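Asker: In case it's useful when we look at the structure, here is the feature table from TrEMBL:
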- 57-77: transmembrane segment (TRANSMEM)
- 84-102: transmembrane segment (TRANSMEM)
- 114-137: transmembrane segment (TRANSMEM)
- 158-178: transmembrane segment (TRANSMEM)
- 198-219: transmembrane segment (TRANSMEM)
- 240-258: transmembrane segment (TRANSMEM)
- 278-303: transmembrane segment (TRANSMEM)
Amino acid sequence: MDYETAMKSGINPEYLHELPNGTWVHRGMFQSFGPGANCTLDLCPIEWTIYQYRPSLPANITFMALYVIALSIHVYLGVRWRSWWFMAFMATGCLYAIIGYSGRVVLWKNPWSFGGFMLQMICVTGGPVFYTAAIYVTLSRAIQFFAAEISRLPAKMFYWIFISADITCLVLQAAGGALSSSSRGASQTGIDLAMAGLILQVIVLVIFCGFFADYMIRFARLQRDRGSSLKAAITTRQQLFFGGLASAILLILVRCLYRVDELSQGYSNSDKITDEGLFIGLEGVMIYLAVCCLFIGHPGFGFQHVDLSGRRRVNQDAEEIPMEYNGGQTASKQLLSTPACSTPAYSDRPLS
C-alpha cells in the first residue's frame, strides 16, 4: 500500500516499513531472526539484524587466513616435537575459529542468515576451550618434568580437574547454542546455559592461574636453593616457555570476561553485541595472540627437547647424548659420536 493508505489503515506507524520501491508494509511480515528469517538487504534495514551491523568482510577473511597459518604452524610443531595431544587440541581450536569466522563471512553476505549466526556463535565462542585444554596438558607435563614434588597438586590431577571442567564448559556452551537455535535465539535458558559455560570457564582459568603462579614461585625458589643465582634460576628458554603459557592464559581470560559481559544482556538487548570493534579487539585479537603465544608456550620448545630420562633428543639417524637435568642448566656427561651429516632435531641449549 502507498503512504496515505498506510496512514489510514490504523496500523501503528512504528510497525510500518517502507520498501525500496516506495511500498509500505507491516513490519510483522518480516522475520529478521531465526531459522525462518526472510529479510534481505533489499527489504530490511541493517538495524533489524541481531548485531545491527554488517560484519566486516576484510576483517573476517583476515582472521580466517591467520588461523590457517596458525593451524599450519601448530601442525608442523606438533609433528616435529611429536606433541600429539597438544597438536590435536590446538588444531581443533584453529579449525573451530576458521569455521566460526566463515560464519561471519556468511553474515556479511546475508546479515539475517541464522546458519551463519549459529556457526560463528558456537565455533568462535567454543574454540578457546581447546586452547585452554592444551595449556592444562602442557603445564601438567611441565610439572612432571621440572619438579613434580613442589606442586600442590599431583601433575595428573591437572588433567582430571581442569580438562573435565573444560569439557563441562564446552557442553554448556554447545547446549546453550542448541537451545538458541531451536528457539530462534529467544530462549532465556539457552542464554543462561551459554553464560554458565563462560562463567565456569572464567572461574576455572582464575583457579588455574593461582596454581600456575604458585608453582612458578616455588620453582624459582627451588632453583635458588639448589645454588643457582637469581638470574640463572630460570633459563631464558624456560622464561619464554612459561611466559608464553602465562600470556596465553591471561589473554583468554580477558576475552572470557568480555564475552560474559556481552552475553549478560542477552542477544537482543546488549549494547556490546552491536559493537564490532569490541568484538574484533577483545575476541578476535585476544584469542589469536593467545594462539601465537602458544608457539613458544609449546611443550616441544619448553621441555620436549629433553626427554624424561634426561637425554637430549636428536635426529633419529644420530645417537642420543645423555644429559642430566639440573634446573635448566644442562651439562653433557659424555659425547657420543654422531654422523657428521646429522643435524639435531631438538636442542636444549638455552637461548641466552
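Backbone N, Cα and C define each Cβ position, glycine as well.
Caution: TrEMBL annotation is automatic and unverified by curators.
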Asker: Go through 57-77, 84-102, 114-137, 198-219 and flag the stretch with the largest number of C-beta pairs under 8 Å relative to the transmembrane segment (158-178).
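Answerer: Of the candidates 57-77, 84-102, 114-137, 198-219, 114-137 scores highest.
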Asker: Under a Cβ pair cut-off of under 8 Å, which of the recorded stretches 57-77, 114-137, 198-219, 278-303 contacts the transmembrane segment (84-102) most often?
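Answerer: Against the transmembrane segment (84-102), the leading stretch is 114-137.
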Asker: Top stretch among 114-137, 198-219, 278-303 for CB pairs under 8 A with the transmembrane segment (57-77)?
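Answerer: It is 278-303, which has the most Cβ pairs under 8 Å.
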Asker: Do any residues, 6 or more residues outside the transmembrane segment (198-219), come within under 8 Å Cβ-to-Cβ of it, and if so which ones?
Answerer: 125, 128-129, 132, 135-136, 139, 143, 146-147, 150-153, 158, 162, 165-166, 168-169, 172-173, 234, 242, 245-246, 249-250, 252-253, 256-257, 259-260, 263
Asker: So if I exclude everything within five residues of the ends of the transmembrane segment (114-137), which remaining residues of that chain have a CB under 8 angstroms from its CBs? That is, six or more out.
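Answerer: For the transmembrane segment (114-137), the sequence-distant neighbours (Cβ-Cβ under 8 Å, at least 6 residues beyond its ends) are 33-35, 37, 50, 85-86, 89-90, 92-94, 96-97, 99-107, 158-159, 162-163, 166, 169-170, 173-174, 177, 180-181, 184-185, 194, 198, 201, 204-205, 208, 245, 248-249, 252, 255-256, 259, 283, 287, 290-291, 294, 297.
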